[in-house]
Each structure stands twice: as structure tokens, then as C-alpha cells.
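Enquirer: This is the structure, below, for whatever I ask next.
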Amino acid sequence: MPPFPQVPSACALTNDGWPLDNPGFCTFHGILNYWLTSTSSVTLAMIALDRGLAVKKPLEYVQRSTWRRLAQMVALPWTLGIVFAVVPAILDWTAYQFDNIVCDVDWHPRREHVIYYAATFSLCFATPAVIVLVQYARILAEVHRLRSAVVVTSPSSPTRIPNGAFLPTRQSSTLRHRSPGNQKILVSILTVIVIFFVCITPFCCTKLVKVLLGPKAIPDWLDMLSTVVQFLASVANPFVYSIGLKSFHAALCRLTRSGRRRVTWSLSV
């Protein structure tokens, strides 16, 4: 999730609610927070379905890889996210809550809250989480199967050439060279997904408990902690990517060095 909702929340926490104490800005902030959160989880589910098809049925994947399909995969999460994000704003449910550090719905076990949050929780959190879990489990199983098949079928002895010398097998050396890089990329992607759902789960579950048991069922400190943990997902992503991708790591290092030089220059001036 982009850092746009975090900045107003940090300002409100240190400035007695400003700027989230403004009703219009508070409504916008609530829409943005729910929109980006819902879109992120559904997008991860779309990516998981796409990668699952690419691994399990590569020929069918090539045939179905069209601009229309790509546009549908991008449009669905953003459309679903904005639909659920504007409902609280239209019904005037949104208000700034200090314990949440965000503009959120003051959840109660009322019928309209239960219906709305049941739909949001199911379509924007639970279903995407199940899809991601199932698809990546299938992908890992398929990768393990293919790796085992390569080990069994690849020649283990060197190739003899006419002058009597031996050459190592190119396929085996190529696989050994590519395997660590591919494994790092896969691990970094899975780590990002795990971090996202670990961080978003407390935020979603605390709201679910409020809807079922009332707003006082969750202590204020736990409510605030769930929001902070949710925001940590976007902070952790760049560092996780830098572990698995050398190009991303180099770009992050250049950005860090550039930031240090700017800070040093501003202090000297």
C-alpha cells in the first residue's frame, strides 16, 4: 500500500487530530485508506492466479495473455476497492478516531455494519488470502516437481568429444547458475506477500470483533497497534525486494546515498 494514508495519520497523532479533524479531509482519508488496502489484497490474488496459470498451464497462459485480460485484472481490484471504500462515506459513517489513528467507521454490531463488513471482509480479505495461499502452494509444489524431474533426467556424466577430451554438461551448469537467482526472487516475492497479510490481518480482525461484539471489545492500545502494523507492510516491502533483486538493491543504495548527501547539504547551509 502506498504511504499516502500514513502521512496524515502521523500528523494527526502529533498535532491533536490535525488535519484529520477536518470532516471533508477525513472522509477523503477514510476512502483512500480502505481503497488502497482492499485493492492491494485483491491485486495480490490476481497476481497469484496469473502466476498459477503460467506455471501449471504455460501454453494456455501464452494464448490468454492479451491486453484485454491484463486490463480486466487491473480494473477488477481497483473497482472493487473503490466500491467498498465509498460506502461508509456515502452513508456518513466515517470519523476520525484517535485510537485508530485513521478516519474509520465507528463500528457497532448494527445490522447495516454487519452486512457491509461481512461483504468487505469476505471479498477484500478472506477470499484473496485463500486464493494466494492455495495458488502459491500449488506453485511451490510444481516448482519442486519440476526441479526433481530435472535432477533425475539431466545427464550426470561429462560428454566425450572426438579428440578424447571431456566437456561438462551445459544444461547442468546453467541450471546451477540460474537456480539461486530464481530462488531468491521467489523467496522475496513470497516474503512480501506473507508480510502484507500478516500486517493487514490484525487490522481486519479487530474490525470484525467490533462488528460482532461492540466497539469496546477491543482495547484502545490494540486498536492503535493494529493500524501501526498495517502501515508497516509498505515500509518493509522495499527492503524485502532489495534482498532478492540485485537491481532493486542497487537502486535502494543509490537512493539512500542521495538522501544522505541532501541532508548533509541542507545542514551545512
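Just so it is clear, glycine is given a Cβ too, placed from its N, Cα and C backbone atoms.
According to TrEMBL, the record shows the following:
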type	residues	note
DOMAIN	1-241	domain 'G-protein coupled receptors family 1 profile'
TRANSMEM	31-49	transmembrane segment
TRANSMEM	70-91	transmembrane segment
TRANSMEM	114-137	transmembrane segment
TRANSMEM	185-209	transmembrane segment
TRANSMEM	229-252	transmembrane segment
Enquirer: Quick test of the contact rule: Cβ under 8 Å, at least six residues beyond the ends. What residues does that give for the transmembrane segment (185-209)?
Expert: 37, 40-41, 44, 48, 104-105, 107, 117, 121, 125, 129, 132, 136, 143, 217-218, 222-223, 225-227, 229-233, 236-237, 240-241, 243-245
Enquirer: Give the mean pLDDT for the domain 'G-protein coupled receptors family 1 profile' (1-241) on the 0 to 100 scale.
Expert: 82
